[in-house]
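J.: Taken from TrEMBL, the feature domain 'ABC transmembrane type-1' covers B:68-280. If you look up TrEMBL, you'll see B:7-27, B:73-93, B:105-125, B:155-178, B:199-221, B:259-284 marked as transmembrane segment.
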């Protein structure tokens, strides 16, 4: 009943518009999206979706909040396997190989093939496009992209006699300054740690990728079949994580991703490594003066790129694909990318978004937001291969076993490499 | 009662439950068994029959070995504790003390909350430094413990949540059983000079045995069935120290999308639960004293 009303509406609308619209054919879109940050993301997405629907009365779109990234991917794949995929979804950039292997997405460059479309695709930052491409085709369009940055409590820096405008830039400085920032209470228990780098789970593995990049190596390549877990850079990175707790700068044991922003806001730690996606949350809740810097690096700056991209599913009609592409163009338009970036802290993926008046006012009010953009040139793709979840688990196990004191870095990483190779050998 | 059901109607009545049972229990179980002998195919890897290869992987899987150990410890730790606590709480609320209805409500409260909510509440309690547990330790001048972030404490922390959640439910069963214990047996014992302890151990506890067996079967099933708190709180980490069998099946199947190995693990779990259920029914038939 509802569909037919919509259809009638769209017919009337088309008639009223004197058939001037380019998209005459109607499409009903379903759009799955995840939320991975502490921000009122659902409301913003819904508002943007409603605006697109109002501007395109011949189409309908249903925005479905599908949980966190992993749940959204599972739901989208299950729906696709059942023959009822969403037409468009925001999924992790690192799910690219899984989606290709399951044969459920269509390259966006196959749909967006006019010269204007190519120009549009070229407008996205290269750093965000690297992990959206495979075998010469563009499969995804960047939307909610982020890199981790170093958040620090300027008041704590002042209290420790450190320059609040000069956050650490190297690992050595991190340890040195971290010692000054660590505060103990009367009983000898630490009440404020120097820093906090989440080491558990996928968040831990993501940040670990940044450590490795700063040592001049990468965990993965664009082929999707290479895992470089046992290299001098990975061993050095894991040893550094261990050293942070051995030197008393970071709490021993595994550190969870989810608790980290809370611990920072509560003053349990003077600094933290977390996603720019937490900028809005920290801005809203911090009761102290805080700043953001590049991730301190081993041999130089380095960071992983993460976050989600738009994908279009393959089991769709031409009309649906066209409508989905139009929807993606709308969502990533300069104004809307700016709205989304300001609401969440995600890095707006196009240079023209940063030129909008809203974005200029935002970066003036919150200069911290510019740090991630500047850091982008030193950032590399996040760990991704075919069978990503299975392969990454080996890396996660290696990091967790070392930080919890159950294994040595070199030995754990060798085991991880063997496990990863055993999975990826099928693809070589 | 002696009137025979018409054959046609009997068939119809039989057909519906059989259809449900077949569609949602037996057919999936059969498919799981079938899948466990095939590889995990995709557009890039052709489907092929691999025989017992998945079962060989199972035997060599170090993660699985750790997880089986976790699951065993989890079951052994939570079941007796939850049952003991449930009996204690049932005795407490069954005694005619003032405020029993409030006590009953508060004991039962954790059971009414959804597991996801419970897990999120405990996530806050356990947060090192900022959580309730750390605050309490801090009052006594003790350093905060990273409950969920260290391999020594993560599983115990999960077990604690499970006991807290489950004991209230089991208390209800014991409460019902306690109220069914005939007063005249206790009166007779009292007349002969038996102490309260003696009455409990020689009269009440034996009469509670059918309840205990029922509760134990349920607790065992729950120990394998409930993994929501693992997903919310630790995702099996750190280093698999809090992963349970069903969580592993979920992860392998839906996160790693290895349906073949997921099916193999499912076969393992079904066999394991089948054996445990058979043992329990055997004990139940031999030992339980029904009135």
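Any Cβ shown, glycine's included, is placed from N, Cα and C.
Can you tell me where each of these features sits in the structure?
T.: If you look at the transmembrane segment (B:73-93), the same-chain residues 6 or more away from its ends with a CB under 8 A from one of its CBs are 100, 103-104, 107, 155-156, 158-159, 162-163, 166-171, 173-175, 177-178, 200, 208, 212, 215-216, 219-220, 223-224, 244.
Outside the transmembrane segment (B:105-125) by six or more residues, the chain places 89, 93, 131-133, 148, 157, 161, 164-169, 171-172, 226, 228-229, 231-233 with a CB less than 8 A from a CB of the stretch.
Remote same-chain partners of the transmembrane segment (B:155-178), defined as residues 6 or more beyond its termini with a Cβ less than 8 Å from a stretch Cβ, comprise 70, 73-74, 77-78, 81-83, 85-87, 89-91, 93-94, 104, 107-111, 113, 115, 118-119, 122, 126, 147-148, 204, 207-208, 210-211, 214-215, 218-219, 222-223, 226, 229-230, 233-234, 241-242.
Sequence-distant contacts of the transmembrane segment (B:199-221) (same chain, at least 6 residues past either end, Cβ-Cβ under 8 Å): 75, 78-79, 82-83, 86-87, 91, 166, 170, 173-174, 176-178, 180-181, 185-186, 189-190, 273, 276-277, 280, 283-284, 287-291.
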